[in-house]
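**Student:** Here's the feature list from TrEMBL:
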type     : residues  : note
TRANSMEM : A:20-41   : transmembrane segment
TRANSMEM : A:67-86   : transmembrane segment
TRANSMEM : A:118-140 : transmembrane segment
TRANSMEM : A:152-173 : transmembrane segment
TRANSMEM : A:180-201 : transmembrane segment
TRANSMEM : A:229-248 : transmembrane segment
Amino acid sequence: MQWSTLFQKELLENWRNKKWIWVPLVIILLSIMDPITNYFLPQIIESVGGMPDGTVFELPDFSPSEVIMMSLSQLSSLGVLVIVLLSMGTISGERKSGVSELILVKPVSYSNYITSKWLSLLLLVWLSLFLGLLMSWYYTNILYGTLSFVDFTKVFFFYGIWLTLVVSLSIFYNSIFKSSGLVAFFTILTIMIMSIITKIFHHVLDWSPNNLSIYIQEMLTAEKINGDLWATSGVALAISVLLVLVSIQMFKRKEMAG
Amino acid sequence: MVALLTVEKLTKKYGTKTIVDQISFKFGHHKCVALIGPNGAGKTTTLRTLAGLLRPTEGTIQFESQAKNQDIRSWIGYLPQYPSFHSWMTGKEFLTYSGRLAKLTKIEAATRAIELLKVVGISEEASNERISRYSGGMKQRLGIAQAIIHKPKLLILDEPVASLDPIGRREVLVLMEQLKQEMTILFSTHILNDAEEVSDELLLLNKGKIIESGSLQDLQKKYQTTVIKLEIDDSVDIYQEKINALESVANTKIERGALFISTVDLKIAREEILTLAAKEHWPITTFSINRASLEDMFMRVVNN
């Protein structure tokens, strides 16, 4: 009962501050940008003056699976940034402004407080991702060739797990820092460090969450879900849940005021 | 009868700095207790610790006969000195939300919100406006409403009137006077007039320690000064000598045209002075026995 009150408040807040509008729009924009610009690249080059005479420039023919991977690539950089910006103040902002004093002085359970925020963010992120990838899938189909709806749902599901990890990381740092800036900084820093470590130790870190995109691409090429993808998704989900559990503990230990 | 709140040796430290130092006190039901002290005395830290927002470094807090140091948030309401709200919500929404968090049902929370908006004097129209448009006084009253939405047994208010203009201040003090019939109020203030006006009991806090406590009357009696203030429709100088000659008078001094008489024995001095004045037909305009104001008392205790 109390959980749903907190969750509904999050949904309402995201509606009032227009997050339900701008986040899906930005994610859609990022998802369709590459499929469309690549398709119209010859026209774009022409309109900016064309190539020098005699230049032979062969534009690659992209396969539908390559195109949807371009969308994921955009989401992995700018999309992650959007999610970090979106979530950086969700707890830290309330603590800094002092609203959390009025909330947490009521008999509110800390786990309800944190999980309601986590799940409301996930709902927003997953819905935006769904709309973004759906649009990307639509353009891929009309501009590049067929990508089955089943493949689209698989991409959506597995990539959603990566973004779940990003949200969980942000929640984790939210429970530690009062400054939204520090939350954003450390979330991005962690993702970068994870990426570097995965690249350096790629021979041992088969199931690092940063490999999700690679396995998604393999899945599209091989047209089947391999064991590594399942395992990597499992690891990413497990880390996410663990981060939230640790956040709750951190939050309990933190003093709400002072 | 079991005390409502029993605090024993409560201490709060930040690193090596002790903000609240081994304070102990208790008070019963339906009291209005003022925690007074200068800025930086540790009032806010004490109240936040009692409200469960800070963890005590040492010591215990016991609510009625519950176990010591257990979660008492269900029974208390708290209003910080500078309350901050979800400013995108309307007043009514915020109150209902607070009620739901305090485990009221949907209907209970909504009904109680409407009832409390009336009690704290926020109109129907204003209650549907976003809190970002509220004045300071309205926010403070909304803050009190959210603190009492679940009918707590103890209401903790941190400097409830410090930031308000005289009208807002009066409104909140009147509200506190009403609320004290239903619950115990513990409030901090450094404005001694406010404490004198609404409180039954006082806790004087200075440098993290409780330096005096008791009912207002008891403390006034304890710190009563035996000074008589005399004003005469004439220069008081010519009467000073005659008064000084009285045996019951210790000494006298003139301040701003009035004669302040310190007595050896107030009762006798009063009789002697009035008898002398009647006999010699002094044109007296003021004859008063100065009781210790909370301020005098506070200054004396703090300076000691």
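Cβ from N, Cα, C; glycine included.
Note that TrEMBL annotation is computational and uncurated.
How about a rundown of where these features are and what they're close to?
**Tutor:** Counting residues 6+ beyond its ends, the transmembrane segment (A:20-41) has Cβ neighbours under 8 Å at 14, 59, 62, 67-68, 70-71, 73-75, 78-79, 82, 86, 124-125, 127-129, 131-133, 135-136, 139-140, 143-144 in the same chain.
Proximity of distant same-chain residues to the transmembrane segment (A:152-173), defined by a Cβ-Cβ separation under 8 Å and at least 6 residues beyond the stretch ends, is recorded for 68, 72, 75-76, 79-80, 83-84, 87-88, 90-92, 114, 117-118, 121-122, 125-126, 129-130, 133-134, 137, 182-184, 186-187, 190-191, 209, 212-213, 215-216, 219-220, 225, 229, 233, 236-237, 239-241, 243-244, 246-247, 250.
Non-local neighbours of the transmembrane segment (A:180-201) in the same chain are 80-81, 84-85, 87-89, 92-93, 96, 166, 169-170, 173-174, 208-211; each lies 6+ residues outside the stretch with a CB under 8 Å from one of its CB atoms.
Long-range contacts of the transmembrane segment (A:229-248) within the same chain, counting only residues at least 6 positions beyond its ends with a Cβ under 8 Å from a Cβ of the stretch, are 110-111, 114-115, 118, 158, 161-162, 164-165, 167-169, 171-172, 174-175, 206-209, 211-212, 215-216, 218-219.
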